[in-house]
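The next block holds one structure in the form of structure tokens; read it before the comments.
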Amino acid sequence: MLYMIGLGLGDAKDITVKGLEVLRRCSRVYLEAYTSVLTVGKEVLEEFYGRKLILADREEVEQEANNILKDADISDVAFLVVGDPFGATTHSDLILRATKLGIPYRVIHNASIMNAVGCCGLQLYRFGETVSVVFWTDTWRPESFFDKVKKNRQNGMHTLCLLDIKVKEQSLENLIKGRKIYEPPRYMSVNQAAQQLLEIVQNQRIRGEEPAVTEETLCVGLARVGAEDQKIAAGTLQQMCTVDLGGPLHSLIITGGSLHPLEMEMLSLFSIPEKSSESQSIDGL
């Protein structure tokens, strides 16, 4: 049996009782290590779970999945995913591969950022399509996701922006030369995402377009959701460029325009302190 086990969002103890019981009886336990991260490292997980973990990077999961599935038809293999197992399409692919090989599977769900963002007070059923914001480079600065943000706002829906992480990535030079040298991990912050969004807004104005988002659009920044040091900040997109939410992982919500009074009241708990009379408070948005 292949077991896909969600680990939740915080630390080692966020795994479900069911997931922990299954994990401890599996012959091999893989830890998916590239779509998200917990606030603790592999060693802490191993100590709490009582099992050695095999790190599975993107290359192994996407190109060498048969190594993970080896003997899973005659023994139990666990594949651990931060959040919920189906938070990334890669994991659906692993299920499909197992099915084609005649390997049965079972999914043990857990909390993910997709539902945990409700902690800021915005109502989950008012969220539209989720988007990903990637790190820009000198030659690659995609803006296509902004169309989804515009559509969500036209429909009065909030947009959850999942911010880029770079784990075990190679530079272009090392990739071309086939050198297994990897760049240090990078995690996009709310500040970086907001700055890229503002540049897209400016680009749209230059092209004569009316941007669906402006500097004054109400946004919510979240960091380390599910952890004890979780942080939430609500303010304008402009304010998000300077707010300090600390270490990863970060997420950003672009609100859908008009808010329910309960949403507004909840967001007021996380309002960024005013720095000037020109800034607009949440109560005034």
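From the backbone N, Cα and C atoms, a Cβ is placed for every residue, glycine too.
Values in this document were obtained by computation on a predicted structure and should not be read as measured data.
What TrEMBL says about this one:
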BINDING   L9, D84, G87, S112, I113, L163, V225, H250  S-adenosyl-L-methionine binding site
DOMAIN    1-239  domain 'Tetrapyrrole methylase'
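Taking the features listed in TrEMBL, we show where each one sits on the structure.
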| residue | record | contacts (Cβ under 8 Å, 6+ apart) |
| --- | --- | --- |
| L9 | S-adenosyl-L-methionine binding site | L38, V82, G83, A111, S112, I113, A116, V225, G226, A227 |
| D84 | S-adenosyl-L-methionine binding site | G6, H109, N110, A111, S112, M114 |
| L163 | S-adenosyl-L-methionine binding site | S132, V133, Y187, M188, S189, V190, Q192, A193, L249, H250, S251, L252 |
* Including all protein chains shown, what's the count of other C-beta atoms within 10 A of the C-beta of G87 (S-adenosyl-L-methionine binding site)? -> 18
* Would you count the other CB atoms within 10 A of the CB of V225 (S-adenosyl-L-methionine binding site), including those on all shown protein chains? => 22
* To do: Would you count the other CB atoms within 10 A of the CB of I113 (S-adenosyl-L-methionine binding site), including those on all shown protein chains?
  => 20
* Asked: How far apart, in Å, are the two Cα atoms that lie farthest from each other among L9, D84, G87, S112, I113, L163, V225, H250, the residues recorded as binding S-adenosyl-L-methionine?
  -> 17
* To do: Let me know how many other Cβ atoms fall within 10 Å of the Cβ of H250 (S-adenosyl-L-methionine binding site).
  => 25
* Asked: In the predicted model, what is the mean pLDDT computed over the domain 'Tetrapyrrole methylase' (1-239)?
  -> 90
